[in-house]
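Each remark here refers to the structure printed beneath this line.
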Amino acid sequence: MSFEGINSVHLLGIGGIGMSALARWFRHEGYAVSGYDRTPSSLTDELIAEGMQISFEDKLETIPNVIKDSPEKTLIIWTPAMPKGSVQLNFFQENGYQFKKRSEVLGMVTSSYYTIAVAGTHGKTTTSSMIAHMLKSAGKPVVAFLGGITQNYQSNLILGDKKSKEKTLVVVEADEFDRSFLRLHPNEVVLTSADPDHLDIYGDEQHILDGFLEFVNLVDKKGRLYIQQNAAQRLGEGKLPKVATREYGLRSTGIGAENIQARPGSFVFDYLAGKNEIKGLELFIPGFHNVENALAAIAIALDHQISVEQIRNGISSFKGVKRRFEIHVNEGNSVFIDDYAHHPEEIRACLSSVRAMFPTKKLTVIFQPHLFSRTRDFAAGFSESLSLADSVFLLDIYPARELPIEGVSSAMLLEGINTGHKELVAKEDLINHLNQASPEVLVTLGAGDIDRLVPGIASWMKEGLNRSAS
């Protein structure tokens, strides 16, 4: 890794979850950090409070003078989400600044440290966060770049004990979106899943499988591969790298889980790997999928000589990641859970776990589809997975980076959903519909801006509980 001669770092798109983790790392390393983003958010507020200068206007005047005056001492990190017409982007391109994508910078960081890279269509944020927490709570020197805000540390950057004489371990969430993960230099690879997604980038399912296969083959020849059993089958076990490989899954013959018990606020299970067994582990982030994520984290912990007692404590003390099966209300007869699920398999995993936890309660789901292309490509899968609910409210599609596609809408999903009640709802009318529905277990799903509705929904449900109590 070489950032020699660099004093300042300016990030275009600094408010993104991945970019902000890098910003925090550079700040921690002693660099002057600034950036631009289109809109303020709670995350940019935190970065400003941490000492970073951030502007929300794409103008030359908002670029800090230290950045303007020292192109040779400044590194510009940018995201492809920046529009080509950006004033700041064009200024930096035309004036000789060092330019790197986020993935390139992560590649530079991982080339200098022992790196555990976690990839997968789903599960990578929770798994990487769990691994980092397990290592940190056991006293290992760790740096983790994450794709979500961990509840334990209220950050997407985890920093361990620098005083430790052991080598620093870097845990990085490896993003497949634009093949970014192919720039990393992993010593260990975790692949949590390999379901098709991002077909607007990859074209078809085979190309995304090829991308994941190329990624796992980046693992160091002396390293280790931890791969979920279905992902291994999808990629073709004969094509996997010839390294020490740990295959895991709820029903895996390699590393598996037994005696799984779904409780109202936790899952209890036994870890089983050959003759190695850890009984009665309790995970306070519910979900069968999270038990499976924990299997990978436990396997890595054991390979890094973390004791069974430390593993037990690490699992039970892990509080999860914001918007990953996040329980906001669980009182009386009312439950409200918010989840980032935006792919049919993620929705299926989430709702199946909710059903296991609350088998007798009516399940109501509010879903905001994310991207027109994803809605089109997986319409049948979305309708099928949402049919696990008793009642479904669909919001309009969140477009993100896309323009509308003719004929693609939330209405096309609604037609295929098989539930007792289903309807399209505008955000502003949602509370009125909830008043009529009187949900017992309510789940919000989606990767768009549905999270902005969560505080209001939680308040509405708590007010209802207070009225009932009085």
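The backbone N, Cα and C atoms fix where each Cβ goes, glycine too.
Among the features that TrEMBL reports, ATP binding site is placed at Gly120, Thr121, His122, Gly123, Lys124, Thr125, Thr126. Taken from TrEMBL, the feature domain 'Mur ligase N-terminal catalytic' applies to 9-114. Taken from TrEMBL, the feature domain 'Mur ligase central' applies to 118-301. Positions annotated as domain 'Mur ligase C-terminal' by TrEMBL: 323-446.
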Around the Cβ of Gly120 (ATP binding site), other Cβ atoms within 10 Å, all chains included, total 24
Counting other C-beta atoms within 10 angstroms, the emptiest spot among the binding-site residues Thr121, Thr125, Thr126 is Thr121
DSSP says what for the domain 'Mur ligase N-terminal catalytic' (9-114): how many helix, strand, coil residues?
-> 48 helix, 22 strand, 36 coil
In the same chain, which residues outside the set Gly120, Thr121, His122, Gly123, Lys124, Thr125, Thr126 have their CB within 8 A of the centroid of the CB atoms that define the ATP site?
-> Val118, Thr127, Thr192, Ser193, Asn293
Could you tell me how many residues in the domain 'Mur ligase C-terminal' (323-446) are helical, how many are strand and how many are coil under DSSP?
-> 46 helix, 32 strand, 46 coil
Who sits close to Gly123 (ATP binding site): which same-chain residues at least 6 apart have their Cβ under 8 Å from its Cβ?
-> Thr192, Ser193, Gln228, His289, Glu292, Asn293
